[in-house]
């Protein structure tokens, strides 16, 4: 029977001394309080340069899990793309040039689509603006933007500024206009809710939508009048002089999101010949280009293909003939598998995976416990049966409920998690295992913006906890640690040598 080392990632569980609408601090958490008091712990960085993002940029789940799993700072697509723009190499990118050459040669339209937002989590509006300028410089005649609106990694009603900037730029360059708008709830689903994706797809491709407006700003105003914030704007087509824009054969479409998980579904709708998740009247004969690789199975051009890290935690465990389990509910399953393995879809030898379905509710404040009880049942079973040397799990609650902006529901989510932690702690200590508890970024630690007094639905840049629970004596050996130091710490407690590719340092020193 194996003594399990368990890594618990509490998604969106940041640390803040402030109790102002801090769902984590103000919730009733007897287990967490006792763990924080009785076991070795520290705070580590999960944002900014320490995780390969631009200075001051909040972390996110994808970035967090890549850094944790790789055991080194992994420079993120946002940083890579910013660098290409800064060094003026963005416009020379082969995939981008091919998409632009296609429309120039065929006198067709260039469609840009993506999250029009300064959020920097799934996209950045500056990349879209740069793309529009490059299209103009290279002689493209018509550019149409299909804008997905945020309100999740940005304040819920903040899209007006982004739309105005885009309208001004397109007007100044006399190049085109925003041809459709959709809330990210529809265009960027990641949980197989294809009815949502269908609405966004039809608005973009077929100019077929429930609403038609004369401008993107008008569409936004009408949505607010229906009490639908940015995230939930129903896909709307924009007409100019009575004309609606469709995606036609020979057009080029460039998807400007750089994060994969919420870009996959609609990309498959554009590119899969045998797509069957909703009816399509035709298969598009277009140049479809994505800024980064969303899925290796997609038939498209990729502007910034992934760099494959070697000797990630999962790979090192496999090479040392260790068994491992990855477990999460649907919302965070890609994070403990694909992202944690450094962008590899395939399982390692000796790696098992358990996917617990997320509840089918419109928003998770309606069910703050989400699927945490089921995740915990499976975890406790796995610890008790001693099958695995290492288990990595993710609890989605503090992030997904945090994103709703519902403070009371977020506190309920934290209290559910506290009960789950009690069960895990008991199981680990009973079987003489090791448990590390951390987070990939903050969220529920600030549910209301103290400056604006409005709901805060985005991530925070706060530090996150890193705690050791077990019978070994441990001391903090590293001040100012970061997410990339977690994998070396796990290898240390498991007495496995750290490979040179892992540049992180061990956070705790354990008495042998």
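Easy rule for this one: first residue shown is 1, then count along the chain.
Placed from the backbone N, Cα and C atoms, the Cβ positions cover glycine too.
Secondary structure at residue 61 (active site, phosphoserine intermediate), taken from DSSP and collapsed to helix, strand or coil, is helix. Around residue 61 (active site, phosphoserine intermediate), the C-beta neighbours below 8 angstroms that are at least 6 residues distant in the chain are 11, 332, 335, 339, 399, 440, 441. The active site, phosphoserine intermediate annotation in Swiss-Prot covers 61.
Residues or ranges marked as Mn(2+) 2 binding site in Swiss-Prot (evidence: sequence analysis): 11, 61, 440, 441. For residue 11 (Mn(2+) 2 binding site), the number of other Cβ atoms no farther than 10 Å from its own Cβ, over all displayed protein chains, is 27.
Here Swiss-Prot flags 122, 152, 153, 184, 190, 259, 260, 261, 262, 332 as substrate binding site. In the three-state DSSP scheme, residue 262 (substrate binding site) falls into the coil class. Shown in sequence order, 122, 184, 188, 189, 190 are the residues of the chain, 6+ apart in sequence, with a C-beta less than 8 angstroms from the C-beta of residue 262 (substrate binding site).
A helical conformation is recorded for residue 399 (Mn(2+) 1 binding site) in the three-state DSSP classification. Sequence annotations record features per position, and here Swiss-Prot assigns Mn(2+) 1 binding site to 399, 403, 459.
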Least buried of the binding-site residues 190, 403, 441, going by other Cβ atoms within 10 Å?
190
Other than its own, how many Cβ atoms are within 10 Å of the Cβ belonging to residue 153 (substrate binding site)?
21
Using the recorded Mn(2+) 1 site (399, 403, 459) as reference, state which further residues of the same chain have their Cβ within 8 Å of the centre of those residues' Cβ atoms, listed in sequence order.
11, 12, 60, 61, 152, 398, 400, 402, 441, 443, 444, 457, 458
Just the number: how many Å between the Cα atoms of residue 459 (Mn(2+) 1 binding site) and residue 153 (substrate binding site)?
7
How big is the gap, in Å, between the Cα of residue 403 (Mn(2+) 1 binding site) and that of residue 153 (substrate binding site), rounded to a whole number?
8
Applying a 10 Å Cβ distance cut-off over all chains shown, what neighbour count does residue 459 (Mn(2+) 1 binding site) have?
31
Checking the spread of the substrate site as listed (122, 152, 153, 184, 190, 259, 260, 261, 262, 332): what is the longest Cα-Cα distance, in whole Å?
17
